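Enquirer: Just passing along the structure, written as structure tokens.
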Amino acid sequence: LMVVTSNADRICTGITSSNSPHVVKTATQGEVNVTGVIPLTTTPTKSHFANLKGTKTRGKLCPKCLNCTDLDVAFGRPKCMGTIPSAKASILHEVKPVTSGCFPIMHDRTKIRQLPNLLRGYENIRLSTHNVINAETAPGGPYIVGTSGSCPNVTNGNGFFATMAWAVPKNNNNKTATNPLTVEVPFICTEGEDQITVWGFHSDNEIQMVKLYGDSKPQKFTSSANGVTTHYVSQIGGFPKQAEDGGLPQSGRIVVDYMVQKSGKTGTITYQRGILLPQKVWCASGRSKVIKGSLPLIGEADCLHEKYGGLNKSKPYYTGEHAKAIGNCPIWVKTPLKLANGTKYRPPAKLLKERGFFGAIAGFLEGGWEGMIAGWHGYTSHGAHGVAVAADLKSTQEAINKITKNLNSLSELEVKNLQRLSGAMDELHNEILELDEKVDNLRADTISSQIELAVLLSNEGIINSEDEHLLALERKLKKMLGPSAVDIGNGCFETKHKCNQTCLDRIAAGTFNAGEFSLPTFDSLNITAASLNDDGLDNHTILLYYSTAASSLAVTLMIAIFIVYMVSRDNVSCSICL
């Protein structure tokens, strides 16, 4: 009895399928459905401003100076003297700083409103302990240092700003018109610091000008430092009486300006009557990032954004309104971005069938395989046991590593773009510290376009790498199966043994041993020999009987065939008689 058996199963490499496809954009394929995505963008909502995490954040210049504007602090108003804490970040909460108390100031004649913003741009700010000029003995003197009841000191006596000395001629002998006089302003700060020198001039109606200075004509003033020269001419009269912060009404006005002296550099001031000579100066160093915002600062945040307030960074990019931001901030992009985090979407696989020798089923994979929950790439087998699926964790991890690398590359691109294209935003200008919005928007558009292209290329690479992963799986599978299977193409192999779920799991884990699953091969014949009973006959006798019977049968058959042949040719006749 001979029994022929076939034990062929089919094993194929495959990719997972999903019932929830997502869409990503690629550079050349347009929109592609994938099994998973990593959202790269968020749209923030407006919140209160906060302290920047990991840094000291400055709100008011002098938090302990009560009832004082930042301009009061910058001028050194007597009741607004205090320490300005160091800070790496500052909130420009007075977009247009309000007027200072004390004496009425003509803010619009100079850039003095920018002084608080300039000071915010420094990390460390201190007021000098010594005066930069001896006002009493300055050219054109001797002078007395004027004070005003409109600017009371801490004891409520008459006072004036700590940064300026109101130089009033001491006696009638020098209360006369004078030609322009020049005083040198030395650098008294520490090396490496910037020196911010505040100065100004006073003007009033003709009567007061003659009374104070002996000259009723407009006076000329010039300041020069670091190659920047500024000219002013005073305005005589025409001012209505005005009181500041509850002070006494004043018919006169003061004009205040400042100059920035770099380390070791001197400045000059040329003046006539009514000069407000510089006294204590601001010594500043380091850089503090400045952003427009509002007070109070509540809690902490990763990022401070002019439009959204305090933000905690959850994604590398954001959509919505673009504006200046400081800290660990997401980068603005025009449209939402997603990075492929899986494989190209394939509908569940169909097994196409065709009849083969002995009714064997041949099929191949079309689409993706369901059930591969532990990974993206893996193996399938189908045969009498049905369909088994197993994920290859190593291949999946390699794919995940590539996506992680792409994500890290995008993060590096984010940092490089910030440093290269937005670096100028960190170096605040020495004066107004304002940005040209058109240039800033153009910079943001450029960064957004670069990031979007990088994401498209990353998605393209992730999707195209699937072929590499499948080819690697096919090589791995072929090596493990060895001679126990035949390569039939398309990543499929026909085995000479059964391969159920256990077999497939071992293949996926890399522990497969063909010997454990192999059965006799298809080309082996199973022959069952007939058993002979022993009747006391020896082998020779049995062989003799067998040979005689076989020979007699053969001779009889030959004679019968010969007779039939002769009769058919009429060479032999046969008569039957009864």
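For all residues, glycine too, the Cβ spot is worked out from N, Cα and C.
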Enquirer: Going by Swiss-Prot, tell me which one of Cys12, Cys151, Cys189, Cys283 is disulfide-bonded to Cys102.
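Expert: If we follow Swiss-Prot, the cysteine bonded to Cys102 turns out to be Cys151.
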Enquirer: Cys68 pairs with which of Cys62, Cys80 in a disulfide, per Swiss-Prot?
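Expert: Checking Swiss-Prot: disulfide partner of Cys68 resolves to Cys80.
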Enquirer: So for Asn67 (N-linked glycosylation site), how many other CB atoms are inside 10 Å of its CB?
Expert: 9
Enquirer: Using C-alpha atoms, which one of the recorded positions Asn33, Asn67, Cys68, Asn153 comes nearest to Asn500 (N-linked glycosylation site)?
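Expert: Its closest listed neighbour, by Cα, is Asn33.
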Enquirer: Within the topological domain 'Cytoplasmic' (568-578), what mean pLDDT does the predicted structure show?
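Expert: Its mean pLDDT is 56.
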